[in-house]
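Student: Sharing a structure below in structure tokens format, with a few things to ask.
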Amino acid sequence: SAIYELSCEAYKHLGKTSNYYWIDPDGSGTLGPLKVYCNMTEDKVWTTVYHDLQMQTFVGGNSPEKLSVLQLNYSATMDQISAITSSAEYCEQFISYSCKMSRLLNTPEGNPFTWWVGKANEKHYYWGGSGPGIQKCACGIERNCTDPKYYCNCDADYKQWRKDSGMLSYKEHLPVSQVVVGDLDRAGSEAKVSVGPVRCQGDRNYWNAASFVTSSSYLHFSTFQGETSADISFYFKTSASDGVFLENLGNTDFIKLELKSATEVSFSFDVGNGPVEIVVRSPNPLNDDQWHRVNAERNVKQASLQVDQLPPEVRKAPTEGHTRLELYSQLYVGAAGGQRGFLGCIRSLRMNGVTLDLEERAKVTPGVKPGCSGHCTSYGMYCANGGKCVEKYNGYSCDCSKTAYDGPFCIKDVGAFFEEGMWLRYNFHSPGTSVKDLVSRTLLSSADPEITAPDLGLNKEELSFSFSTTKSPCVLLYVSSYTPDFMAVLVNPTGNLQIRYNLGGTKEPYNIDIDHRNMANGQPHTVNVTRNGRDIVLQLDHYPPTSYSLPATSDIQFNSPKALFLGKVIEIGKIDQDIYKYNTPGFTGCLSRVQFNQIAPLKAALRPTNASSHVHIQGELVESNCGASPLTIPPMSAATDPWHLDSASADFPYNGQAIGDGVNRNSAIIGGVIAVVIFTILCTLVFLIRYMFRHKGTYHTNEAKGAESAESADAAIMNNDPNFTETIDESKKEWLI
């Protein structure tokens, strides 16, 4: 049975974080498992396979050979990588050629001096940022090569270092297995070659699904070729109590998987020794409209059936007798031969390592619909911190818009660093709406029937945020109103936290003091305050929650809330004396994941949302996670990782992880000094030139670069071909680095 998941996508939906994982792209097929890096930080998962060619590999220096061949050895076989690229939605591989008197593609007309070899040992004469059949580099497509006569920077044959680089993204040609470099046989010809790892995104097989709408509907495929070994796996989801998943018949031989009852899955077959049936019984019903996984295997020695994580049922084959499964009919998925078919969804159906395209077949079959809804019933729990699970045709996503978090599962903190004197104000009503509309719309969650809008007050609030600071006293957060009512969270001069409520009815504001802990210690702290009428519950960091109660005379209505302040209070009218004192010089430090009822003011400031018009910022807000989010598991150390790449080059356009470990400190200092000297000389030159030409008018022409690049026929082809949608963007990125 499979010990490894089939893809990074599968690990993500087990709630795993970015790391190295073993995946087995064809189940128990011939390929075997391979180790890849799964990056789960975006909506779609990236799978990365590394090779051993150093970045900036040097070739040339007057070598006698005509051609220099660079071989790339991957941490996986070509067949394994093909299994990943074929099921992916998009793949890319960075390639770069730095040259000094060494031409690359020999444009515009000549035969290329350098080429790369891809899948199936084919030679390719296009370069990163370009596409099949276009003998140009990225600069030729964008029309910004250093010499416009050529379509690659290197083809101009300069004596200075030049570079052509970009993404190869035609996935049918990947991965790069060799780079063959020519044009090195002249004195002074040199080149450096860099090739990034193969990165693929998305998994078309994992979500490939069909919904069976009637118990007589079925899909048919060509006969299953499983004579000596069969390995079948799929996910199903149903509310029906029985039905046939799939069946394939021979003269007397057959193979069949079915849901026998709400708690039983059966795997039966006959190879000529009489029918054999293996049944797995589940302690919980399987018709609960959640996804369940089935894995059935049969070979000459034994047969097994596993459902979810339940113990597999195994049956040894008889020592004598027939071993070959001889089938003739078509393979039926769903109702076969008048039996009651399966009602519900089947997805990711793999037979001997090949995923059957249920989705395509369902498009042309009555009674069966492509895709499947209801993924949220199984995976909605991964949307954290109040994120809402949203059904998608193939999968689901988490909507974090009503939360103070970000990222695919709403677990990434959104925070910012405040410098002294900075502040942020969030107005509860946007300019131009009446107060009444506003409060009823934003602060009062419509899901709460107890709160009514006419009196424009809050009987309850929920506030949560994280902060870190080393300076006290300061104002962390303050909620003002159109009346004397306010609420504040402060750090007092001794570094202790204070929560202050003034709702009227008492002479002095009501204070909750946390005396015994210094909160201005530079560590991240989490604060949660919930008030419901008179009752206040405060939770600090991981300590148990404590309860407080407003004095009996206190009003319990927070009247006419107006604005929320972070870092400092700038409000007209009378202000509390202590808060006035704490206001200068203001808060310095980090605030993150701030949420007040339905409002996330920092997120509104840092992410363009429909609430951004409510925000006013004084100073420069710098995004930071404030060290408040849980640390993800670091990738394995170089020592234990057999496929570790030495990252001593800044030629990676990926996640910015490869900023040289190996960079020598002295060389960095020398580089810095040289940069300063050059900068000074340039400034002097600019000053002199401006002085000399100040009477001659300006020489600038502000032509739009984009207008011209789109006129190129190649750019037009690539813009219209879906395979190239990302190529041009990627190549542009490369120049910005």
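Including glycine, each Cβ sits where the backbone N, Cα and C put it.
Remember, TrEMBL labels are computer predictions, not curated facts.
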Student: Among Cys345, Cys398, Cys400, find the residue that TrEMBL gives as the disulfide bond partner of Cys372.
Tutor: Cys345
Student: Would you count the other CB atoms within 10 A of the CB of Cys372 (disulfide bond), including those on all shown protein chains?
Tutor: 25
Student: Give me the mean pLDDT over the domain 'Fibrinogen C-terminal' (1-51), rounded to a whole number.
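Tutor: Mean model confidence (pLDDT) across the domain 'Fibrinogen C-terminal' (1-51) is 80.
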Student: Hey, what's the Cβ neighbour count for Cys345 (disulfide bond) at 10 Å?
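Tutor: For Cys345 (disulfide bond), the 10 Å Cβ neighbour count is 22.
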Student: Provide the three-state DSSP residue tally for the domain 'EGF-like' (373-411): helix first, then strand, then coil.
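Tutor: Residue counts in helix, strand and coil order: 7 helix, 12 strand, 20 coil.
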Student: Treating G and I as helix alongside H, and B as strand alongside E, what does DSSP give for the domain 'Fibrinogen C-terminal' (1-51) in helix, strand and coil?
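Tutor: Counting residues per DSSP class in the domain 'Fibrinogen C-terminal' (1-51), I get 5 helix, 17 strand, 29 coil.
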